[in-house]
Amino acid sequence: MASMSYSAVRNSSFPATVSVPDKSRGGVNDGFSFRTGKYVSRNCTARGLTVTNVATPVTVPLPAAAPSWEKEKSSSSWNHVAWTSVRQERWEGELIVEGDIPLWLNGTYLRNGPGLWRIGDYDFRHLFDGYATLVKLHFENGRLIAGHRQVESEAYMAAKKNKKICYREFSEVPKPDNFLSYVGELANLFSGASLTDNANTGVVKLGDGRVVCLTETQKGSIVIDPDTLDTLGRFEYTDTLGGLIHSAHPIVTDKEFLTLLPDLVHPGYLVARMEPGSNERKVIGRVNCRHGPAPGWVHSFPVTEHYVVVPEMPLRYCAQNLLKAEPTPLYKFEWHPDSKAFVHIMCKASGKVVASVEVPLFVTFHFINAYEEVDEDGRVTAIIADCCEHNADTTILEKLRLKNLRSFNGEDVLPDARVGRFTIPLNGNPNGKLEAAVEADEHGRGIDMCSINPNYLGLKYRFAYACGAQRPCNFPNTLIKIDLVEKKAKNWYEEGAVPSEPFFVPRPGATEEDDGVVISMISEKSGGGYALLLDGSSFEEIARARFPYGLPYGLHGCWVPKK
(Lines of atoms letter the chains of each structure in order from A and count residues from 1; the text may use other names and numbers.)
(Lines give C-alpha, C1' and ligand atoms only; values in the text may rest on other atoms or scores of the structure.)
Protein backbone atom coordinates (compact mmCIF):
# COMPACT_ATOMS: atom_id res chain seq x y z
CA MET A 1 0.00 0.00 0.00
CA ALA A 2 1.34 3.42 -0.90
CA SER A 3 2.67 5.58 1.88
CA MET A 4 0.55 8.70 2.43
CA SER A 5 2.90 10.75 4.57
CA TYR A 6 1.99 14.42 4.54
CA SER A 7 1.10 17.10 7.03
CA ALA A 8 -2.12 19.07 6.90
CA VAL A 9 -1.96 22.45 5.22
CA ARG A 10 -5.62 23.49 4.97
CA ASN A 11 -8.78 23.04 3.01
CA SER A 12 -11.25 25.85 2.62
CA SER A 13 -14.96 26.01 1.94
CA PHE A 14 -16.27 28.57 -0.53
CA PRO A 15 -19.59 30.35 -0.98
CA ALA A 16 -21.93 28.88 -3.61
CA THR A 17 -21.88 31.82 -6.02
CA VAL A 18 -21.51 31.63 -9.79
CA SER A 19 -19.73 34.73 -11.01
CA VAL A 20 -20.77 34.53 -14.67
CA PRO A 21 -24.53 34.32 -15.40
CA ASP A 22 -26.16 32.35 -18.20
CA LYS A 23 -27.72 35.04 -20.35
CA SER A 24 -29.05 32.70 -23.00
CA ARG A 25 -31.22 30.53 -20.74
CA GLY A 26 -30.66 27.91 -23.38
CA GLY A 27 -27.44 26.73 -21.82
CA VAL A 28 -24.77 28.42 -23.90
CA ASN A 29 -23.07 31.70 -23.07
CA ASP A 30 -20.05 32.75 -25.15
CA GLY A 31 -19.17 29.15 -25.93
CA PHE A 32 -19.91 27.76 -22.49
CA SER A 33 -22.88 26.07 -20.82
CA PHE A 34 -24.03 27.25 -17.39
CA ARG A 35 -27.40 25.53 -17.45
CA THR A 36 -28.13 22.95 -14.79
CA GLY A 37 -30.00 19.76 -15.56
CA LYS A 38 -29.35 16.87 -17.88
CA TYR A 39 -26.41 16.49 -20.24
CA VAL A 40 -27.25 17.88 -23.67
CA SER A 41 -25.36 17.25 -26.90
CA ARG A 42 -25.68 19.39 -30.02
CA ASN A 43 -23.94 19.70 -33.34
CA CYS A 44 -23.27 22.98 -35.12
CA THR A 45 -20.45 24.47 -37.12
CA ALA A 46 -17.84 27.02 -36.10
CA ARG A 47 -14.68 27.98 -37.98
CA GLY A 48 -15.35 25.05 -40.32
CA LEU A 49 -15.28 22.53 -37.46
CA THR A 50 -18.04 20.47 -35.94
CA VAL A 51 -19.09 21.67 -32.49
CA THR A 52 -20.09 18.81 -30.21
CA ASN A 53 -20.47 17.97 -26.57
CA VAL A 54 -22.34 21.03 -25.31
CA ALA A 55 -22.93 20.10 -21.71
CA THR A 56 -23.85 21.36 -18.30
CA PRO A 57 -21.20 22.23 -15.74
CA VAL A 58 -20.37 20.00 -12.84
CA THR A 59 -22.37 21.27 -9.88
CA VAL A 60 -19.51 22.43 -7.70
CA PRO A 61 -19.88 25.48 -5.42
CA LEU A 62 -18.30 28.45 -7.15
CA PRO A 63 -17.03 31.60 -5.45
CA ALA A 64 -17.50 35.16 -6.52
CA ALA A 65 -14.43 36.81 -7.95
CA ALA A 66 -12.32 38.40 -5.25
CA PRO A 67 -12.38 42.16 -5.96
CA SER A 68 -8.74 42.75 -5.05
CA TRP A 69 -7.63 40.23 -7.69
CA GLU A 70 -9.45 41.67 -10.66
CA LYS A 71 -6.85 44.10 -12.03
CA GLU A 72 -3.14 44.52 -11.65
CA LYS A 73 -1.58 47.93 -11.84
CA SER A 74 0.21 48.44 -15.11
CA SER A 75 1.97 51.35 -16.73
CA SER A 76 0.81 50.06 -20.08
CA SER A 77 -2.63 49.88 -21.63
CA TRP A 78 -1.60 46.53 -23.12
CA ASN A 79 -2.24 43.98 -20.38
CA HIS A 80 -2.60 40.46 -21.75
CA VAL A 81 -4.76 38.02 -19.77
CA ALA A 82 -1.69 35.72 -19.67
CA TRP A 83 -0.09 38.13 -17.18
CA THR A 84 -3.23 39.00 -15.20
CA SER A 85 -4.24 37.24 -11.98
CA VAL A 86 -6.85 34.52 -12.19
CA ARG A 87 -10.37 35.91 -11.66
CA GLN A 88 -11.40 33.65 -8.78
CA GLU A 89 -10.01 30.97 -6.50
CA ARG A 90 -11.80 28.05 -8.09
CA TRP A 91 -14.13 27.07 -10.89
CA GLU A 92 -15.25 23.88 -12.61
CA GLY A 93 -17.54 23.11 -15.54
CA GLU A 94 -17.92 21.22 -18.79
CA LEU A 95 -16.87 22.94 -22.00
CA ILE A 96 -18.20 23.03 -25.52
CA VAL A 97 -15.80 21.18 -27.81
CA GLU A 98 -15.19 22.38 -31.35
CA GLY A 99 -13.84 19.49 -33.35
CA ASP A 100 -13.14 15.94 -32.25
CA ILE A 101 -11.51 14.74 -29.03
CA PRO A 102 -10.12 11.24 -29.69
CA LEU A 103 -12.15 8.66 -27.78
CA TRP A 104 -8.97 6.98 -26.55
CA LEU A 105 -7.98 10.16 -24.68
CA ASN A 106 -9.34 9.31 -21.23
CA GLY A 107 -7.68 10.91 -18.24
CA THR A 108 -6.76 14.26 -16.73
CA TYR A 109 -4.19 16.77 -17.88
CA LEU A 110 -3.04 18.91 -14.95
CA ARG A 111 -1.16 22.18 -15.43
CA ASN A 112 0.50 24.13 -12.65
CA GLY A 113 1.86 27.65 -12.69
CA PRO A 114 1.86 31.09 -11.04
CA GLY A 115 -1.59 32.61 -11.45
CA LEU A 116 -2.03 35.25 -8.75
CA TRP A 117 0.35 38.22 -8.74
CA ARG A 118 -1.53 40.66 -6.53
CA ILE A 119 -2.13 40.57 -2.78
CA GLY A 120 -4.05 43.42 -1.19
CA ASP A 121 -2.76 46.53 -2.95
CA TYR A 122 0.64 45.03 -3.77
CA ASP A 123 1.66 43.85 -7.26
CA PHE A 124 4.39 41.23 -7.57
CA ARG A 125 7.46 41.84 -9.68
CA HIS A 126 8.23 38.57 -11.44
CA LEU A 127 6.40 35.85 -13.32
CA PHE A 128 7.81 33.23 -10.95
CA ASP A 129 6.48 34.97 -7.81
CA GLY A 130 2.80 34.25 -8.43
CA TYR A 131 0.80 31.94 -6.17
CA ALA A 132 0.12 28.56 -7.75
CA THR A 133 -2.98 28.05 -9.86
CA LEU A 134 -3.68 24.43 -10.73
CA VAL A 135 -5.77 23.82 -13.87
CA LYS A 136 -7.28 20.53 -15.00
CA LEU A 137 -8.65 19.24 -18.29
CA HIS A 138 -10.50 15.97 -17.75
CA PHE A 139 -11.14 14.02 -20.95
CA GLU A 140 -13.64 11.18 -21.03
CA ASN A 141 -15.47 9.67 -24.01
CA GLY A 142 -15.04 12.80 -26.10
CA ARG A 143 -16.20 15.17 -23.35
CA LEU A 144 -14.10 17.76 -21.56
CA ILE A 145 -14.52 18.99 -17.99
CA ALA A 146 -12.22 21.82 -16.98
CA GLY A 147 -11.48 23.50 -13.68
CA HIS A 148 -8.94 25.49 -11.74
CA ARG A 149 -8.11 26.07 -8.10
CA GLN A 150 -5.46 27.81 -6.05
CA VAL A 151 -2.96 25.49 -4.36
CA GLU A 152 -3.45 26.16 -0.64
CA SER A 153 0.18 26.43 0.44
CA GLU A 154 1.08 28.06 3.75
CA ALA A 155 2.49 30.99 1.78
CA TYR A 156 -0.74 31.53 -0.15
CA MET A 157 -3.05 31.10 2.84
CA ALA A 158 -0.95 33.46 4.98
CA ALA A 159 -0.88 36.11 2.24
CA LYS A 160 -4.63 35.77 1.73
CA LYS A 161 -5.30 36.16 5.46
CA ASN A 162 -2.87 39.04 6.11
CA LYS A 163 -3.19 40.80 2.72
CA LYS A 164 0.58 40.84 2.36
CA ILE A 165 3.52 38.59 1.48
CA CYS A 166 4.57 36.48 4.47
CA TYR A 167 7.26 34.20 2.93
CA ARG A 168 10.24 34.69 0.65
CA GLU A 169 9.19 34.14 -2.96
CA PHE A 170 11.37 34.10 -6.08
CA SER A 171 12.00 37.86 -6.06
CA GLU A 172 9.78 39.01 -3.21
CA VAL A 173 10.70 39.36 0.47
CA PRO A 174 8.26 40.18 3.31
CA LYS A 175 8.62 43.76 4.46
CA PRO A 176 9.75 43.77 8.12
CA ASP A 177 7.83 45.88 10.60
CA ASN A 178 11.03 46.78 12.46
CA PHE A 179 14.69 45.81 12.81
CA LEU A 180 13.99 43.00 15.26
CA SER A 181 11.49 41.41 12.91
CA TYR A 182 14.08 41.65 10.11
CA VAL A 183 16.66 39.85 12.27
CA GLY A 184 14.10 37.19 13.11
CA GLU A 185 13.23 36.76 9.44
CA LEU A 186 16.91 36.23 8.60
CA ALA A 187 17.14 33.56 11.30
CA ASN A 188 14.12 31.85 9.77
CA LEU A 189 15.80 32.00 6.37
CA PHE A 190 18.74 29.91 7.55
CA SER A 191 16.37 27.30 8.98
CA GLY A 192 14.21 27.40 5.86
CA ALA A 193 11.14 28.53 7.80
CA SER A 194 10.81 31.80 5.86
CA LEU A 195 11.24 30.21 2.43
CA THR A 196 8.06 29.84 0.42
CA ASP A 197 6.21 26.58 -0.04
CA ASN A 198 4.38 28.13 -3.00
CA ALA A 199 4.40 25.04 -5.25
CA ASN A 200 3.88 26.93 -8.52
CA THR A 201 6.34 25.29 -10.92
CA GLY A 202 5.30 21.76 -11.83
CA VAL A 203 3.02 18.87 -11.01
CA VAL A 204 3.95 15.18 -11.20
CA LYS A 205 2.21 11.85 -10.79
CA LEU A 206 4.31 9.50 -8.68
CA GLY A 207 4.55 5.80 -9.45
CA ASP A 208 2.15 5.01 -6.59
CA GLY A 209 -0.49 7.38 -7.95
CA ARG A 210 0.00 10.34 -5.62
CA VAL A 211 0.05 13.71 -7.39
CA VAL A 212 2.46 16.36 -6.09
CA CYS A 213 2.89 20.04 -6.97
CA LEU A 214 6.51 21.18 -6.80
CA THR A 215 8.79 24.18 -6.77
CA GLU A 216 12.50 24.61 -6.00
CA THR A 217 12.17 24.69 -2.22
CA GLN A 218 11.91 21.23 -0.72
CA LYS A 219 9.12 22.37 1.59
CA GLY A 220 7.17 23.40 -1.51
CA SER A 221 6.12 19.81 -2.29
CA ILE A 222 2.34 19.61 -1.85
CA VAL A 223 0.02 16.65 -2.43
CA ILE A 224 -3.20 17.42 -4.30
CA ASP A 225 -6.28 15.47 -5.37
CA PRO A 226 -6.21 15.30 -9.19
CA ASP A 227 -10.00 15.01 -9.40
CA THR A 228 -11.11 17.82 -7.07
CA LEU A 229 -7.83 19.81 -7.08
CA ASP A 230 -8.09 19.90 -3.27
CA THR A 231 -4.86 20.54 -1.37
CA LEU A 232 -4.31 17.42 0.77
CA GLY A 233 -1.15 18.44 2.60
CA ARG A 234 2.60 18.75 2.39
CA PHE A 235 4.65 15.88 1.01
CA GLU A 236 7.02 15.12 3.86
CA TYR A 237 10.36 13.55 2.96
CA THR A 238 11.18 11.00 5.68
CA ASP A 239 14.93 10.86 5.01
CA THR A 240 17.63 12.92 6.69
CA LEU A 241 19.24 14.39 3.57
CA GLY A 242 18.41 17.93 4.65
CA GLY A 243 18.98 20.94 2.44
CA LEU A 244 16.54 23.66 1.49
CA ILE A 245 16.31 23.35 -2.30
CA HIS A 246 16.12 20.73 -5.01
CA SER A 247 15.58 20.52 -8.74
CA ALA A 248 12.12 21.78 -9.62
CA HIS A 249 11.91 19.05 -12.27
CA PRO A 250 12.66 15.58 -10.93
CA ILE A 251 12.63 12.65 -13.33
CA VAL A 252 9.43 10.75 -12.50
CA THR A 253 8.35 7.41 -13.95
CA ASP A 254 6.17 4.58 -12.71
CA LYS A 255 9.34 2.94 -11.38
CA GLU A 256 11.28 5.73 -9.71
CA PHE A 257 11.73 9.38 -8.74
CA LEU A 258 15.17 10.88 -9.39
CA THR A 259 16.23 14.31 -8.15
CA LEU A 260 19.25 16.56 -7.65
CA LEU A 261 19.95 18.25 -4.31
CA PRO A 262 22.43 21.16 -4.61
CA ASP A 263 24.91 21.45 -1.76
CA LEU A 264 25.52 25.16 -1.15
CA VAL A 265 28.06 24.67 1.65
CA HIS A 266 30.38 22.22 -0.08
CA PRO A 267 29.57 23.00 -3.72
CA GLY A 268 28.19 19.95 -5.42
CA TYR A 269 25.08 17.87 -6.00
CA LEU A 270 23.57 14.79 -4.42
CA VAL A 271 21.81 12.49 -6.85
CA ALA A 272 18.95 10.75 -5.04
CA ARG A 273 16.31 8.15 -5.88
CA MET A 274 12.92 7.49 -4.26
CA GLU A 275 10.91 4.33 -4.81
CA PRO A 276 7.15 4.36 -5.53
CA GLY A 277 5.13 4.35 -2.32
CA SER A 278 8.04 5.76 -0.33
CA ASN A 279 8.81 9.22 1.02
CA GLU A 280 12.48 8.39 1.57
CA ARG A 281 15.14 9.56 -0.85
CA LYS A 282 18.30 7.47 -1.00
CA VAL A 283 21.58 8.86 -2.31
CA ILE A 284 22.94 7.26 -5.46
CA GLY A 285 26.09 9.35 -5.45
CA ARG A 286 27.62 12.81 -5.24
CA VAL A 287 29.06 15.15 -7.86
CA ASN A 288 31.55 17.79 -6.74
CA CYS A 289 31.52 21.08 -8.61
CA ARG A 290 34.59 21.67 -10.73
CA HIS A 291 34.64 25.44 -10.16
CA GLY A 292 32.71 28.36 -8.79
CA PRO A 293 31.71 29.66 -5.38
CA ALA A 294 28.48 27.62 -5.46
CA PRO A 295 26.69 25.00 -7.55
CA GLY A 296 25.15 26.03 -10.83
CA TRP A 297 21.38 26.37 -10.93
CA VAL A 298 19.75 23.00 -11.69
CA HIS A 299 16.13 23.80 -12.55
CA SER A 300 16.06 20.57 -14.54
CA PHE A 301 18.35 17.75 -15.65
CA PRO A 302 18.08 14.76 -18.02
CA VAL A 303 18.75 11.03 -17.72
CA THR A 304 19.53 8.21 -20.09
CA GLU A 305 18.82 4.51 -19.68
CA HIS A 306 21.89 3.99 -17.50
CA TYR A 307 23.15 7.46 -16.56
CA VAL A 308 22.19 10.69 -14.81
CA VAL A 309 23.36 13.88 -16.52
CA VAL A 310 24.32 16.58 -13.99
CA PRO A 311 24.80 20.06 -15.52
CA GLU A 312 27.05 22.63 -13.83
CA MET A 313 25.98 25.97 -15.27
CA PRO A 314 27.94 29.19 -14.64
CA LEU A 315 24.65 30.78 -13.50
CA ARG A 316 25.26 29.84 -9.87
CA TYR A 317 23.31 30.03 -6.64
CA CYS A 318 24.27 33.02 -4.48
CA ALA A 319 23.70 33.00 -0.72
CA GLN A 320 24.36 36.76 -0.50
CA ASN A 321 21.61 37.52 -2.98
CA LEU A 322 19.28 35.21 -1.09
CA LEU A 323 19.83 37.27 2.07
CA LYS A 324 19.04 40.61 0.44
CA ALA A 325 15.66 42.22 0.97
CA GLU A 326 15.46 43.59 -2.59
CA PRO A 327 16.02 41.63 -5.81
CA THR A 328 19.43 41.76 -7.46
CA PRO A 329 19.79 41.76 -11.27
CA LEU A 330 19.90 37.94 -11.31
CA TYR A 331 17.72 37.38 -8.25
CA LYS A 332 19.03 34.38 -6.26
CA PHE A 333 21.87 33.74 -8.71
CA GLU A 334 25.13 35.20 -10.03
CA TRP A 335 26.76 34.82 -13.44
CA HIS A 336 30.32 33.48 -13.17
CA PRO A 337 31.64 32.95 -16.72
CA ASP A 338 35.21 32.64 -15.38
CA SER A 339 34.12 29.55 -13.46
CA LYS A 340 33.38 27.85 -16.80
CA ALA A 341 30.67 25.29 -17.47
CA PHE A 342 30.68 21.53 -17.07
CA VAL A 343 28.54 18.44 -17.54
CA HIS A 344 28.97 15.39 -15.31
CA ILE A 345 27.77 11.85 -16.09
CA MET A 346 26.91 9.51 -13.20
CA CYS A 347 26.17 5.81 -13.47
CA LYS A 348 22.73 5.10 -11.99
CA ALA A 349 23.70 1.65 -10.72
CA SER A 350 27.02 2.45 -9.03
CA GLY A 351 26.83 6.19 -8.32
CA LYS A 352 30.24 6.55 -9.97
CA VAL A 353 31.00 9.68 -12.00
CA VAL A 354 32.16 8.24 -15.34
CA ALA A 355 32.75 11.58 -17.09
CA SER A 356 33.21 15.21 -16.08
CA VAL A 357 33.87 17.47 -19.06
CA GLU A 358 34.08 21.17 -19.77
CA VAL A 359 31.52 22.52 -22.22
CA PRO A 360 30.88 25.97 -23.72
CA LEU A 361 29.05 28.41 -21.46
CA PHE A 362 25.30 27.86 -21.43
CA VAL A 363 22.05 29.01 -19.84
CA THR A 364 19.06 26.70 -19.73
CA PHE A 365 15.95 26.22 -17.66
CA HIS A 366 14.74 23.05 -19.33
CA PHE A 367 16.39 19.94 -20.68
CA ILE A 368 14.44 18.11 -23.37
CA ASN A 369 15.87 14.58 -23.30
CA ALA A 370 19.12 12.62 -23.35
CA TYR A 371 20.26 9.28 -24.74
CA GLU A 372 23.31 7.06 -25.14
CA GLU A 373 25.28 6.92 -28.36
CA VAL A 374 26.72 3.46 -29.02
CA ASP A 375 29.27 2.03 -31.46
CA GLU A 376 28.80 -1.01 -33.66
CA ASP A 377 29.75 -3.28 -30.76
CA GLY A 378 27.06 -1.81 -28.52
CA ARG A 379 29.48 0.11 -26.28
CA VAL A 380 28.37 3.53 -25.07
CA THR A 381 30.75 6.11 -26.51
CA ALA A 382 28.97 9.37 -25.68
CA ILE A 383 25.92 10.92 -24.06
CA ILE A 384 23.72 13.22 -26.14
CA ALA A 385 21.70 15.73 -24.09
CA ASP A 386 19.34 18.30 -25.62
CA CYS A 387 18.02 21.44 -23.95
CA CYS A 388 16.32 24.78 -24.58
CA GLU A 389 19.48 26.90 -24.50
CA HIS A 390 19.45 30.69 -24.28
CA ASN A 391 22.82 31.32 -25.96
CA ALA A 392 24.52 31.81 -22.57
CA ASP A 393 22.43 34.96 -22.14
CA THR A 394 21.12 35.56 -18.61
CA THR A 395 18.88 38.47 -19.62
CA ILE A 396 16.00 36.00 -20.09
CA LEU A 397 15.44 36.19 -16.30
CA GLU A 398 14.98 39.95 -16.44
CA LYS A 399 12.66 39.68 -19.45
CA LEU A 400 10.31 37.61 -17.30
CA ARG A 401 9.56 40.51 -15.00
CA LEU A 402 5.84 41.25 -15.14
CA LYS A 403 6.34 44.88 -16.15
CA ASN A 404 8.25 43.67 -19.22
CA LEU A 405 5.69 41.02 -20.11
CA ARG A 406 2.83 43.53 -19.75
CA SER A 407 4.43 46.31 -21.77
CA PHE A 408 4.87 44.74 -25.20
CA ASN A 409 4.76 47.51 -27.83
CA GLY A 410 5.61 45.53 -30.94
CA GLU A 411 9.38 45.59 -30.53
CA ASP A 412 11.26 42.31 -30.88
CA VAL A 413 12.80 41.95 -27.41
CA LEU A 414 12.71 38.18 -26.74
CA PRO A 415 16.32 36.94 -26.38
CA ASP A 416 17.33 34.30 -28.90
CA ALA A 417 17.29 30.63 -27.94
CA ARG A 418 18.07 27.34 -29.66
CA VAL A 419 17.87 23.58 -29.30
CA GLY A 420 21.24 23.13 -27.64
CA ARG A 421 22.77 19.68 -28.10
CA PHE A 422 25.53 18.54 -25.76
CA THR A 423 27.83 15.73 -26.84
CA ILE A 424 29.62 14.32 -23.80
CA PRO A 425 32.37 11.81 -24.69
CA LEU A 426 32.97 8.84 -22.38
CA ASN A 427 36.50 8.11 -23.64
CA GLY A 428 38.32 10.41 -21.22
CA ASN A 429 38.29 13.46 -23.48
CA PRO A 430 38.12 16.51 -21.15
CA ASN A 431 35.93 18.57 -23.47
CA GLY A 432 32.37 18.21 -24.69
CA LYS A 433 30.47 19.95 -27.46
CA LEU A 434 27.46 22.25 -27.46
CA GLU A 435 25.88 22.92 -30.85
CA ALA A 436 22.48 23.78 -32.28
CA ALA A 437 20.60 20.58 -33.12
CA VAL A 438 18.25 22.48 -35.46
CA GLU A 439 18.67 25.76 -37.33
CA ALA A 440 17.23 28.32 -34.90
CA ASP A 441 15.26 30.13 -37.61
CA GLU A 442 13.11 26.99 -37.94
CA HIS A 443 11.44 27.89 -34.64
CA GLY A 444 11.81 31.67 -34.70
CA ARG A 445 15.02 31.72 -32.63
CA GLY A 446 12.94 31.05 -29.52
CA ILE A 447 12.33 27.82 -27.66
CA ASP A 448 11.29 26.73 -24.19
CA MET A 449 8.66 24.71 -22.30
CA CYS A 450 9.34 21.36 -23.96
CA SER A 451 7.89 17.86 -23.88
CA ILE A 452 8.46 14.52 -25.61
CA ASN A 453 6.73 11.18 -25.91
CA PRO A 454 7.32 9.86 -22.35
CA ASN A 455 7.94 6.37 -23.73
CA TYR A 456 11.19 7.74 -25.20
CA LEU A 457 12.54 9.20 -21.95
CA GLY A 458 16.28 8.53 -21.85
CA LEU A 459 16.22 6.85 -25.27
CA LYS A 460 17.15 7.96 -28.77
CA TYR A 461 14.24 10.02 -30.04
CA ARG A 462 13.18 12.08 -33.01
CA PHE A 463 10.44 14.53 -32.01
CA ALA A 464 10.12 17.28 -29.41
CA TYR A 465 7.27 19.73 -28.75
CA ALA A 466 7.89 23.20 -27.35
CA CYS A 467 6.98 26.88 -27.46
CA GLY A 468 8.71 28.92 -30.16
CA ALA A 469 8.57 32.46 -31.52
CA GLN A 470 6.81 34.37 -34.26
CA ARG A 471 8.82 37.61 -34.40
CA PRO A 472 8.48 40.35 -33.25
CA CYS A 473 7.56 39.24 -29.73
CA ASN A 474 8.54 39.58 -26.09
CA PHE A 475 7.63 36.00 -25.09
CA PRO A 476 7.34 32.62 -26.87
CA ASN A 477 4.05 32.79 -28.79
CA THR A 478 3.92 29.69 -30.99
CA LEU A 479 3.69 25.93 -30.53
CA ILE A 480 6.30 23.94 -32.42
CA LYS A 481 7.00 20.34 -33.33
CA ILE A 482 10.69 19.74 -33.93
CA ASP A 483 11.98 16.89 -36.08
CA LEU A 484 15.54 16.28 -34.90
CA VAL A 485 16.27 13.93 -37.82
CA GLU A 486 15.00 16.12 -40.65
CA LYS A 487 16.05 19.22 -38.66
CA LYS A 488 12.75 20.92 -39.41
CA ALA A 489 9.96 22.43 -37.33
CA LYS A 490 6.20 22.75 -37.76
CA ASN A 491 4.59 25.79 -36.17
CA TRP A 492 1.15 26.65 -34.79
CA TYR A 493 0.43 30.36 -34.34
CA GLU A 494 -2.54 32.68 -33.76
CA GLU A 495 -2.24 36.45 -33.53
CA GLY A 496 -2.29 37.67 -29.92
CA ALA A 497 -2.19 34.17 -28.44
CA VAL A 498 0.18 33.07 -25.66
CA PRO A 499 0.25 29.25 -25.52
CA SER A 500 1.40 27.27 -22.51
CA GLU A 501 3.64 24.21 -22.64
CA PRO A 502 2.60 21.73 -25.35
CA PHE A 503 2.18 18.40 -23.56
CA PHE A 504 2.33 15.17 -25.57
CA VAL A 505 0.07 12.23 -24.66
CA PRO A 506 0.81 9.08 -26.67
CA ARG A 507 -2.02 6.96 -28.04
CA PRO A 508 -2.22 3.63 -26.19
CA GLY A 509 -0.72 0.91 -28.35
CA ALA A 510 0.94 3.35 -30.74
CA THR A 511 4.04 2.20 -32.62
CA GLU A 512 5.04 5.58 -34.05
CA GLU A 513 6.77 8.10 -31.78
CA ASP A 514 4.48 11.00 -32.71
CA ASP A 515 1.20 9.05 -32.63
CA GLY A 516 -0.76 10.95 -30.00
CA VAL A 517 -2.12 14.37 -29.15
CA VAL A 518 -0.55 17.60 -27.98
CA ILE A 519 -2.43 19.56 -25.30
CA SER A 520 -1.92 23.25 -24.62
CA MET A 521 -3.88 26.06 -22.98
CA ILE A 522 -4.09 29.34 -24.84
CA SER A 523 -4.39 32.82 -23.32
CA GLU A 524 -5.67 35.47 -25.72
CA LYS A 525 -4.94 39.19 -25.96
CA SER A 526 -8.70 39.77 -26.10
CA GLY A 527 -9.03 38.39 -22.55
CA GLY A 528 -10.35 34.98 -23.53
CA GLY A 529 -8.75 31.59 -23.61
CA TYR A 530 -9.24 27.98 -24.61
CA ALA A 531 -7.88 24.46 -24.42
CA LEU A 532 -6.24 23.29 -27.65
CA LEU A 533 -5.59 19.80 -29.01
CA LEU A 534 -3.19 19.22 -31.91
CA ASP A 535 -2.51 15.98 -33.74
CA GLY A 536 0.95 14.82 -32.67
CA SER A 537 1.87 13.71 -36.17
CA SER A 538 0.45 16.34 -38.53
CA PHE A 539 0.53 19.07 -35.86
CA GLU A 540 -2.84 20.28 -37.10
CA GLU A 541 -5.66 21.35 -34.80
CA ILE A 542 -8.20 18.64 -34.00
CA ALA A 543 -10.19 20.30 -31.21
CA ARG A 544 -10.50 23.35 -29.02
CA ALA A 545 -12.77 24.26 -26.11
CA ARG A 546 -13.26 27.80 -24.86
CA PHE A 547 -13.00 28.65 -21.15
CA PRO A 548 -15.64 30.99 -19.64
CA TYR A 549 -12.82 33.51 -19.15
CA GLY A 550 -9.13 33.65 -19.99
CA LEU A 551 -6.64 32.01 -17.66
CA PRO A 552 -3.15 33.30 -16.84
CA TYR A 553 -0.10 31.69 -18.39
CA GLY A 554 0.91 28.40 -16.79
CA LEU A 555 4.14 26.43 -16.63
CA HIS A 556 4.31 22.63 -16.49
CA GLY A 557 1.89 19.74 -16.44
CA CYS A 558 1.41 16.00 -16.15
CA TRP A 559 -1.00 13.35 -17.38
CA VAL A 560 -3.08 11.23 -15.00
CA PRO A 561 -4.65 8.33 -16.93
CA LYS A 562 -8.20 7.28 -16.14
CA LYS A 563 -8.20 4.65 -13.41
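Just so it is clear, glycine is given a Cβ too, placed from its N, Cα and C backbone atoms.
Annotated features in TrEMBL:
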type: BINDING; residues: His249, His299, His366, His556; note: Fe cation binding site
Extra residues within 8 Å (Cβ to Cβ centroid of His249, His299, His366, His556), Fe cation: Thr201, Gly202, Ala248, Ser300, Phe365, Phe367, Leu555
Cβ atoms near His249 (Fe cation binding site) (within 10 Å, other residues, all chains): 22
Binding-site residues compared (His299, His366, His556) - the one with the fewest other Cβ atoms within 10 Å: His299
